[in-house]
Every structure is written in structure tokens, then in C-alpha cells.
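Chemist: Pulled these features from TrEMBL for this protein:
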BINDING   B:Glu177, B:Arg221, B:Ser365, B:Arg369  L-aspartate binding site
BINDING   B:Arg221, B:Ala222, B:Glu223, B:Arg229, B:His230, B:Leu231, B:Glu362, B:Gly410, B:Ala411, B:Asp412, B:Arg413  ATP binding site
BINDING   B:Glu362, B:Ser365  Mg(2+) 2 binding site
BINDING   B:Glu362  Mg(2+) 3 binding site
DOMAIN    B:144-439  domain 'Aminoacyl-transfer RNA synthetases class-II family profile'
REGION    B:199-202  region 'Aspartate'
Number of protein chains: 2
Amino acid sequence: MTGLLEEWRRTHYTKNINVNLVNKEIIVMGWVHEIRDLGGIIFVLIRDRDGLIQVTAPSKEIEAELLSQIRKLKKESVVAIKGTIQESSRAPNGVEIIPNTIKVLNEASQPLPMDPTDKVRAEIDTRLDSRFIDLRRANVNSIFKIKSKMLHSTRTFFEENGFLEVNTPKLVASATEGGTELFPITYFEREAFLGQSPQLYKQIMMSGGFDKVYEIAQIFRAEEHDTLRHLNEAISIDMEASFIDDIDAMDTLEKLVNKVIVDVTVDCKDSLKTLDKELLLCECPFERLDYDDAIDMINSKGVEIEWGEDLSRAAEKALGGMMEGYYFLTGWPTEIKPFYVMPNKKHPEKSHAFDLMYKDIEISSGAMRIHQHEMLVEKITEKGLNPDSFDSYLKAFDYGMPPHSGWGLGADRFTMSLTGVNNIRETVLFPRDRRRLTP
Amino acid sequence: MTGLLEEWRRTHYTKNINVNLVNKEIIVMGWVHEIRDLGGIIFVLIRDRDGLIQVTAPSKEIEAELLSQIRKLKKESVVAIKGTIQESSRAPNGVEIIPNTIKVLNEASQPLPMDPTDKVRAEIDTRLDSRFIDLRRANVNSIFKIKSKMLHSTRTFFEENGFLEVNTPKLVASATEGGTELFPITYFEREAFLGQSPQLYKQIMMSGGFDKVYEIAQIFRAEEHDTLRHLNEAISIDMEASFIDDIDAMDTLEKLVNKVIVDVTVDCKDSLKTLDKELLLCECPFERLDYDDAIDMINSKGVEIEWGEDLSRAAEKALGGMMEGYYFLTGWPTEIKPFYVMPNKKHPEKSHAFDLMYKDIEISSGAMRIHQHEMLVEKITEKGLNPDSFDSYLKAFDYGMPPHSGWGLGADRFTMSLTGVNNIRETVLFPRDRRRLTP
């Protein structure tokens, strides 16, 4: 049985074509990247996911009909080319294809809405409007190759360390952390919300005895931010584990970061080269900077901040100027962290919460959590929230909730640190912000 | 640096405790599963994620204080137990722990809202209301161990076959397939919807040159169904690949199914045993039954169905009674499939769409897609939809869209086939249906 493509199947990706294939007949499939017609000879560059190959058509050696077909090729049309590999000193990778059949699978309209080569710098909004062409550029798709590798490396890390993948609901009846930053949704005759974090659910899984869980999924925040670090839909890498404390949770996080750095470095050589980015392993344990010391350091740079305040953007920048690579901020004031964060026993104004920073950006937040029902009710009340609306969450703490800790790591921000881009929109295929809902 | 748990850390999971550890001191952490106080001796069963271990306290050999502490233990309290391993013919796995320190990490209130042992059969609604306790039961958490393994096996399959993971947006400006089954959401000052499928986005990725992509993520459908096979929030395993047709797409799907069956069989032995389920490899290619023949077969069983109709539940059941395991239904009428499905060239009333069935349940739908802009506009119009509202999708077909095919596989339904449960709610931690939004 053959389907619609009949006998036509790609035999090689461009990256796998080399001198070992000389004189062999192959089929490549891809896009017409460039055409140079020198009269006596025509060069066509064909592009696929990972690279380019030169098709060379010397007018004297090629059938007239095929030659005329090649002359009519349009930039960015999709083609299949059957031909023979030949060595060539003038071709970019030392080999070229002498074509014998060309099939135009889909012709591209002209002119193109944007230039698909890396040559022209377009505004991010123009690029996002024509994202399907933008993604054909090596410096753009390299970011997503690295992101894909990061996600797979992360999951492999969790699996190797005995974590179970869970899928928690994104349609929820009430706020996670009591914030107002929720998207309301009409759920049949009721109102519901989009989950801003799997926090409460992954904690319930601890009471369910799952011991170590992870989830990589969408989170939704109705924040009005318009910055280079916020989006309204993001991917969160979440983990939660029982019988461990905040120190253990930080150990897990820094091991993950280093594993990802190794995997991306080994498997995404070309993408890193395209982005001119080199990744460095961080020595474990990562530096752990207490909030109190951070405040002193920030003040020393002339940025005013008082103990108990969250870090302003200016404060983050001042700190980022003094700290290298990845580091933890620990000992956060209890009051500015969510209600489920465990306070320090001796100094209850401080907590067992931590942030993982990369230079001046927070990429992860975590903590040892409160596992005692009573303390949790107290904290919820202190935050001005109503414990009744946390009923199905609180119930899980009443009948055998183990001590537990965990963190959430922003996949998109983590990708920023791995690729060196400074706008989070660069790390998301189809970003969602206040102004953008399409494509 | 030590955190809140001080020096207490689990040394062994119960499943790793065996005769090789005799006379060794270990620490286990888990829940009090059962207590039997025979006066002269007390047996306590401790449960963790993967099993049980017996703690044996002979009153003459144990300190009075410790003994009194053991007597006060409550069912489902969370404990850490330090003790010595001893061989025991009366213990379930040939070894037991003689305790020397017990730390109650969190006491469980009594009475429990439901029985956490497998002994009592509770209604699904009662169980879902107290899901955190329900999940402590081996026959319940086995389903999720299998689901987690299935997901990881699936991703590994994609990675090994050169697919890139993508994350497409769940907040969308308009309907995917023009249906009315969308949840509306208030997106700042605008209306938006929750994605019912990544279909249009994964197709756009083909135009972006990504060649082979996969995504495993939530989909949301505002269907009013109240069946054992539908939920309003589900996990969809999606793949799309360029330069392949429907036959290739089916090949990929059946290879994936068999890989998952092998991985689950090897890695989830205990869970399959708990569920009394045996998985059988299906011979490749899976049986491919043409829609026309299926209609004849269904009619032969006295269930009336006319050519051109979608399969009713009765029709699916009739078919499921005649077919074993996994099989493909091919050659679907074009008219009952979505607009993006490629019609058969010679017989345009039939299409290149297929469903993967497991007995009487559709678990996957796929097709070769239309890649020609004009044909797509025509089909959208034929369905009574407005091409203008598909603007940012259609644009991707105008400038170099390769031929492509793909499918979506319902992760929850696939889990039903792997675990043998017949209510999809059993395969979802916190299911969402018309009536249920909590926990």
C-alpha cells in the first residue's frame, strides 16, 4: 500500500549528505533557499530542518526540460529533488547534488511577507506575525531545538531519579494563591479559572503517597505586565517530593540545571554555535546567598531596598551585576512569600523559601512547605484569604500529609539562560501577552 | 547545612528491603497502613509508594516508652521508623523491622473520610471527593504508574525518531475546527477560547520547517457528554510530520503503541499484576479496516448505519465485538471529517483519514492533511466556516507548506486500553466533567 506521496520519500537529510555518498542517488526534500542563475550553470540551495545542500545544474549536462523547471523555481517553494551526489570544492559542505528529477510539492507565493534568511533584522512583532517564516531562520529555530532538548533532558532527569509524571487540572474552581491574577472562564453554568500553578495539586499528590512527582505544563497568569520576562501563558517545570526539605530541593534543582547544560552542550552543538553561545557548568553546590546579605549588597550599589521588600527590577539588576551565572537566594521573609511556605522555626519572620536566579532573572521558586493543617489555616487567614475556599486542599493535610518540598522552574526563562536571548518572546513559539493572541 | 528534617532521611523504600539487609539499621518513611496489637507483640504495617513492610514490636524486647508510642499510632499517620532488619517467616516479604526510634511526622485525624485499603468498594464520586486517600490504594495508583510510564515511553519514542517537542498555545483567538465546543475565556478586554486541539498550530510548524514535531498537553472541550469515555479536560498526544502520508503516519502510530506495550510490560510488572492485566503486542501492520467494510460488518450485526454516517455508540460496540485489540479504521467519508483532511484523489467522497480503535473505543484520529491553500479555503467554506477567521493559519499555506500528516492520540483513553479500566475518570487524577470542578 502506498499513500498520496507515491514512491517519493526523503532518503537523506542535508546534514547526513557527505563524501561517502558520492555517485549515489538520493532524494532530498525541503525549501528553495536561494537560486543563483549564472547562465551556463544554476545553483540552487535547498534547506531542510538542519541545514543546506547545493544543487548544481550545469546547463550543458542537464536536460532542457529539467533546466527550464529549475529556472522557474521560486524562493521558499517546497521541492523534492532526486539526484546524484558529486564531490565539489565550490559547494559549502564539499558535496553537491546533480539533479535528475525535481518535483515541486508546493509553490510559494511571491513576494514573501518577510525575508526568511538571517540577513535582515526584523522587529519582533513583524516576526511573530509571520512566525512560520521566522522559524525557518537558523538563529530562530536553534532556540527551539535547545528548548526541546532541555525539556527532554529534564524529564529524563526526573525519571532517572524516581519521579512520577503527573497531569493536574488546568480548569480550577478557585484561586491557587489567592491572587487576582486569574483568567476567568465560563464552565457550563459556572465560573471557573485557569490554573496559575499546579502548586496545590502537586501538594495533594504528596498526601496521595506519590512521594516524588513532576509535571511540565502550561500555567496562565492574567498579569498586566509588559516586560521582556513575563508572558500570560508559560510552561512551568514543577516538582514536589515528600520527606525532603528545602536544602534537598535545592540540591535536586542544581543537579538538574547541570545535567541540562551537559545534554544541551553535547546534543545541540550546531544550535549553540549558531547562537554563538557557550554553556558553562556551575560548581555544586551553587552559591547560596541569604536574603539579608542580598539586601546589603543591593543597598551598597545605591539601589534602595528595605528588609522585607520583594526585589524590584532595579534591585535584581544590581544583584545580577554582582553575581555570576546561577545562584540561590535563600532565607526569604515569610511575609512576601505564599501562605504554603514553611517559616523558620527559630526566626519565623524568615522562611524556608528559595529562588534560583540566573544573573538578574528569577528562574525558579521553591520552598519547604507547611504540612501541618493548623499552621496552614493560620497562614491562609493571615494573608486575608478564606480557608473555606481551600477546603479540598486543606482536607489533604488532615489525614496523613508528609513533610514535603518542591519548586517550579520557568521553562521559558530557563531557555533564556540557555540560549542567551533577552526577550522571553524569543523562547516561545506563539507567545501570549496582553496585546497578542495570534497567530 | 541541614534543613528542617534534620538528620532524618529515608534510607530505603520498602520494595528495596530484603534479606541482604538483615542486621542492618535502616530508616523507612511512610504511612501507618495497619496495626495489630496482640498484647505480647504488636505488628505495624508501614506503606510507601511501592509497597508495605512489617514493623514488629515484641513487648518484652522493646523499651516501654517506644512501645507506648507504637500503641498510640493512628492509621494513616505519617511516620519515620529507624530500626534493624530481621529475617521473619511470618512477615509478608520474609523480613521485618525491629524498631528502635519512631518519629510521628504528621498525625492523621480519625475517622478517615474513606477506607484507604482495597477492601471496600466505594463509588467513584466518593473516591474522587477524597482522591488523596483513594490514590493511596495500590489498584488506583497502579493506573497512574502505568500512565506515567506510557507518557515517558511515548516521548522517548518520539525523541529516538527525530521528533522535536513543541509547546503550542492553549489560549487562542478563534475556534480550531469551527465547532461550538469551546470554553470562552475573558482575556483582558477581549474574548478568547481554550484550545480544543493543537491541530492548526502543529500544521503551522510544518510550514516553519520543523519537519517532525510532537506535543503532549491539555486539550479542552466544552462537550456536554456524560459518558465513560469523555472528559472536558484531557491530555492529547499529538504528532505531525512533513513529507509523509497517512500510511506513514499509521506506521508511526502502531510502532509507538507496541513500544509502549513493551516498556509498560517490562517496567510496570507490579502495577499490571495489581490490576490483573496482561498486555499483548499487536502484530504490525495492525489490521486496517476500510470504513465501507466496517459499515457492512456493523449492519450484519443488526445495528443500522448508513454509508456517510459517523459511528454511533451502538455501531462502535458492534464493531468492537468483532475486532480484537488495536485496529485502524481507514477510508473515512470526507464529509464527516474536519476540513483539513485530504480527500482521496480518485474518490473524493472518501478521505485519507484514519482512526485507531481499541476494541470499541476510538483512541486516536489522524490523516494526511490538505497542504494546498486553495483546496483548504474551499473546504473551510464548504463546512460553512469563514476563511477570514482562519487567516493566520491559511497564511502558512501560501509560502511553502510541505505535504504532511499526523495524528492525535488520547492519552487518557490510551491508558484505559493499557490498564483495562472502563471509566476514563479512573485514568485521570482530578477529572473534569460537566458536574465536577473539584478537587
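Cβ atoms here come from the backbone N, Cα and C positions, even for glycine.
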Chemist: Could you tally the C-beta atoms, other than its own, that fall within 10 angstroms of the C-beta of B:Ala411 (ATP binding site)?
Modeler: 23
Chemist: Nearest of the binding-site residues to B:His230 (ATP binding site) by CA-CA distance, picking from B:Arg221, B:Ser365, B:Arg369?
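Modeler: When the Cα distances are compared, B:Arg221 comes out closest.
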Chemist: In sequence order, which same-chain residues at least six apart have a C-beta under 8 angstroms from B:Glu223 (ATP binding site)?
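Modeler: Listed in sequence order: B:Glu181, B:His230, B:Asn232.
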Chemist: Counting only other Cβ atoms and using a 10 Å cut-off, which of the binding-site residues B:Arg221, B:Arg413 scores lowest?
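Modeler: Looking at the binding-site residues B:Arg221, B:Arg413, the Cβ with the fewest others within 10 Å is that of B:Arg221.
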Chemist: In whole Å, note down how far the CA of B:Arg369 (L-aspartate binding site) lies from the CA of B:Glu362 (ATP binding site).
Modeler: 19
Chemist: Would you please pick out, from the binding-site residues B:His230, B:Arg369, the one with the fewest other Cβ atoms within 10 Å of its Cβ?
Modeler: B:His230
Chemist: Find the one among the binding-site residues B:Arg221, B:Ser365, B:Arg369 whose C-alpha lies closest to that of B:Arg413 (ATP binding site).
Modeler: B:Ser365
Chemist: Measuring Cα to Cα, tell me the gap between B:Arg221 (L-aspartate binding site) and B:Ala411 (ATP binding site) in whole angstrom.
Modeler: 15
Chemist: Which numbers of helix, strand and coil residues does DSSP report for the region 'Aspartate' (B:199-202)?
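Modeler: Across the region 'Aspartate' (B:199-202), the residues distribute as 4 helix, 0 strand, 0 coil.
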Chemist: Could you measure between B:Ser365 (L-aspartate binding site) and B:Ala411 (ATP binding site) for me? Cα positions, answer in whole angstrom.
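Modeler: Taking the Cα atoms only, B:Ser365 (L-aspartate binding site) lies 12 Å from B:Ala411 (ATP binding site).
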Chemist: Three states by DSSP: which one describes B:His230 (ATP binding site)?
Modeler: coil
Chemist: Could you find out if DSSP has B:Glu223 (ATP binding site) as helix, strand or coil?
Modeler: coil
Chemist: In whole Å, how far is B:Ala411 (ATP binding site) from B:Arg369 (L-aspartate binding site) when you measure between their Cα atoms?
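Modeler: That comes out at 22 Å between the alpha carbons.
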Chemist: Over the domain 'Aminoacyl-transfer RNA synthetases class-II family profile' (B:144-439), work out the mean pLDDT and round it to an integer.
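Modeler: Averaged over the domain 'Aminoacyl-transfer RNA synthetases class-II family profile' (B:144-439), the predicted model reaches a pLDDT of 95.
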Chemist: I'd like the Cβ neighbour count for B:Ser365 (L-aspartate binding site), meaning other Cβ atoms within 10 Å of its Cβ, all protein chains included.
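Modeler: Result for B:Ser365 (L-aspartate binding site): 20 other Cβ atoms within 10 Å.
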Chemist: Neighbour count, 10 Å Cβ-Cβ cut-off, for B:Glu362 (ATP binding site): what number do you get?
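Modeler: Taking all protein chains shown, B:Glu362 (ATP binding site) has 15 Cβ neighbours within 10 Å.
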